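Over in TrEMBL, the protein carries these features:
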DOMAIN    A:3-82  domain 'GST N-terminal'
DOMAIN    A:88-216  domain 'GST C-terminal'
Amino acid sequence: MADEIILLDFWPSMFGMRVRVALAEKGLKYEYRQEDLRNKSPLLLEMNPVHKKIPVLIHNGKPICESLIIVQYIDEVWKDKSPLLPSDPYQRAQARFWADYVDKKLYELGGKIWSTKGEEQETGKKEFIECLKLLEGELGEKPYFGGEKIGFVDVALVTFSCWFYAYETFGNFSIEAECPKLIAWTKRCMEKESVSSSLEDPHKVHGFIMGMRKRFGIE
Amino acid sequence: MEEVKLLGAFPSPFTHRVIWALKLKGVKYDYVEENIFNKSHLLLQSNPVHQKVPVLIHGGKPLAESIVILEYIEETWPQNPLFPHDPYERAVARFWLRFGEDKLPAFWAFFGTVGEEQEKATKEAKELLRILEEHGLGERKFFGGNEIGLTDLAFGWIACWLEVLGEVAGVKLLEADGFPRLQRWIEDFKEVPVIKETLPDRKGMLAYFRYRRSTFIGEAASYEAAS
């Protein structure tokens, strides 16, 4: 029986993009369904009753929620192609640690950059850069966080890069000036089709956030 | 066999998750009690990113974040499995592990608040417990099924800490009859021999959390007075 894979997503979400990258890495065919987050589909509410959020992967009718959990699921089910997590338990734990770090920090701090002003925004920017620098240090001289190939942490982090242009514009700063190695890493990742075909155009993302700022009256 | 060391703190439910996992697997380890108000050099060196307990050091290699440590323990010492083999069941278990972590500040907000803010926080905590009761636990004996698993360890704080925090903060969250499944789970969880032997001393916990609450509401009370 052929696998039926459906992805419920919302195009600007860096979390949804993680799943798209993972599916592409594994060469999987799936049905992509765009959700309107202001008018969530009955399917989304049924498949993720606890959080009612995207992304949700529906594999042969069964839902999996939370982007990093979905990526691990994809990696475990389709384990013979392009493994994303290392085979060594300690390396695997380290990958989970850093992916968890990205989740704990970047979305909230990035949110402060585009949705606040003054001192709150400045603090957000400062802490955001500190986090990126820490991640840059973790990357070190490796081509990818996963070593010679992209791995779990690469997938967790690279999808934020299409939001960088928006953060830089609204925050009035340059991420490349602060973290050149990390930006070099994002460009390296974008050379891979699984990444470039999954990430959204940064200008489109910027336009989306501009719309959000207008809606929330942030200027 | 490589040396296993655990840096922890007795009142920390995060530390206890790791202790329980190690004991359930029969793994010998050295325990170092940390004073979280005066952290050791080893702790700061082993967990420079978060500077928190627990930290597991296996063969000299440190790992931080209790949920990450739990999965590592499961993979390194596969005896007495605490995690499903099936990828879908694992995804479900990880969902609840993640839910527990993400919602922890909301679960515990009642502890650091007073007055109207505490009422609101208490209401929210009860809603989260309702989600666990109905969606998380459902008809199962344990979150892990018929036997305890990593998810049960992660929610172990409900079995012991919740009642202590509630007593200190003057709030009762798990009313009798309100959460029959969770109540039954708490009893079953505390009966597991390893858990029974290692639940932290209640008097010590009360003293510690009374102190912590006094530092929180000292601030909250003065804010209330000012507003």
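Cβ from N, Cα, C; glycine included.
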Structural state census, the domain 'GST N-terminal' (A:3-82) (DSSP three-state): 29 helix, 17 strand, 34 coil
Mean per-residue pLDDT computed across the domain 'GST N-terminal' (A:3-82): 97
Residues in the domain 'GST C-terminal' (A:88-216) grouped by DSSP into helix, strand and remaining coil: 103 helix, 2 strand, 24 coil
